[in-house]
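Take a look at the structure below.
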Amino acid sequence: MATSSTGLAHSLSGWRAKFAVLALVWGMSFVLIRVGAEVLTPVQLSLGRMLTGALPLLAVLLLRGGRLPTSPRLWGHLFVAALLLNTIPFTLFGYAGQLIPSALMGIVNASTPLFGVVFSILLLSDERPDRDRLLGLAIGFLGVLTVFGVWNSLEVSVMEDRDSLVGMLLVVGATACYGIGTPYLRRFVAGTSHGALELSALQLLLGSVPLLLIAPWAGGIPTDLTWRAALAVATLGALGTGFAYVLQYGIVRAAGATVATTVTYVVPVVAIGAGIVLMGETLSWNQPLGALVIILGAALCQGLLRSPRATRAGTRSPDHDARPRPTATAPEPPETPVGTRGPGTTPRP
């Protein structure tokens, strides 16, 4: 009995350490995007992080004696998933990194779970819009509007800070892609005989193909690459995607998928702190406030908080208890591949 208790204690302390490292890695990803975007085009940045993200996954796969899937149908579905979860959003983040602070990217990216819920309801027959989820969506998108400062007229926003407006819209586009990609994975890929490791590695490789094809017309081979930018991209890919997958899976095994999804609420805090401390960034008062509102809405959507009515009833709807809410960053191992986005698959960019 004592041995069992000791093993449980070690397991809990282990997942807490992994949780902290995962939140740090994904929160710091926005700073790395910002650094890489200083000298690289968005396509170069996206391609670099995907290739360096695939390498650790392939290395682990080879060490385990695994193989990539060979089904053409599965390749097709994973290619679509890669476009939605990697190629397009990573490139959008590359453009956003040229326009807005890393902390602001982290704040807007916190809306990822909201889009995940919206598109899961629209695309999956087993997802139903109960009271808490609808309330969470309303609160979450109110937070997004707060971040955007909608009380200012569009004309004033465009005239005074057009870059910030465009940059935030680019991040919203990326999070919407994650929201579509996650239910697509659940519908067409989950339940296959392949594990998350080989599916994730193949997903990254397939997503790199379009970028390789357009790279010659989107900057080609970088000629003014600095060590700082190269290290940022390599770290972003190897840690933010490859190593983060191992950490996330370890957390799910030790503490459960529901606990793993809560990293969603820590990442924006890390992103804000890293941006302010490391990059000297500043934020408007409404942006951190909006982040808190977004996090509250996402927690309601994912069933981690309950509305007063549900609390008084002493129960949740079956839809809340059946499973944790899928997000682009917190999939359901081992069947569903990691939504390697980033900082984000959780709000991984």
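The backbone N, Cα and C atoms fix where each Cβ goes, and this holds for glycine too.
Quick look at what TrEMBL annotates:
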TRANSMEM  19-37  transmembrane segment
DOMAIN    21-148  domain 'EamA'
TRANSMEM  43-63  transmembrane segment
TRANSMEM  75-96  transmembrane segment
TRANSMEM  102-122  transmembrane segment
TRANSMEM  134-154  transmembrane segment
TRANSMEM  166-185  transmembrane segment
DOMAIN    166-300  domain 'EamA'
TRANSMEM  197-219  transmembrane segment
TRANSMEM  225-247  transmembrane segment
TRANSMEM  259-279  transmembrane segment
TRANSMEM  285-305  transmembrane segment
REGION    310-349  region 'Disordered'
COMPBIAS  337-349  compositional bias 'Low complexity'
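Counting C-beta pairs under 8 angstroms (sequence separation of 6 or more), the transmembrane segment (166-185) reaches the transmembrane segment (102-122) with 3 or more such pairs.
Confidence for the domain 'EamA' (21-148), expressed as mean pLDDT, is 91. With respect to Cβ pairs under 8 Å, the transmembrane segment (134-154) is most closely packed against 285-305, considering the stretches 197-219, 259-279, 285-305. Proximity of the transmembrane segment (102-122) to the transmembrane segment (225-247) is not established, fewer than 3 Cβ-Cβ distances being under 8 Å for residue pairs spaced 6 or more apart. Most Cβ pairs within less than 8 Å of the transmembrane segment (259-279), among stretches 19-37, 197-219, 225-247, 285-305, belong to 19-37. Below 8 angstroms of C-beta separation, residues 18, 21-22, 25-26, 28-29, 32-33, 35-36, 38-40, 45, 48-57, 60, 196-197, 200, 204, 338, 340, 342-344, 348-349 of the same chain, each at least six residues beyond the ends of the transmembrane segment (225-247), sit close to that stretch. Beyond the transmembrane segment (43-63), the same-chain residues lying 6 or more positions past its ends with a Cβ under 8 Å from any Cβ of the stretch are 33, 36-37, 86-87, 90-91, 93-94, 97, 197-198, 200-201, 204-205, 207-208, 211-212, 214-215, 218-219, 222, 233-234, 236-238, 240-243, 245-246, 340.
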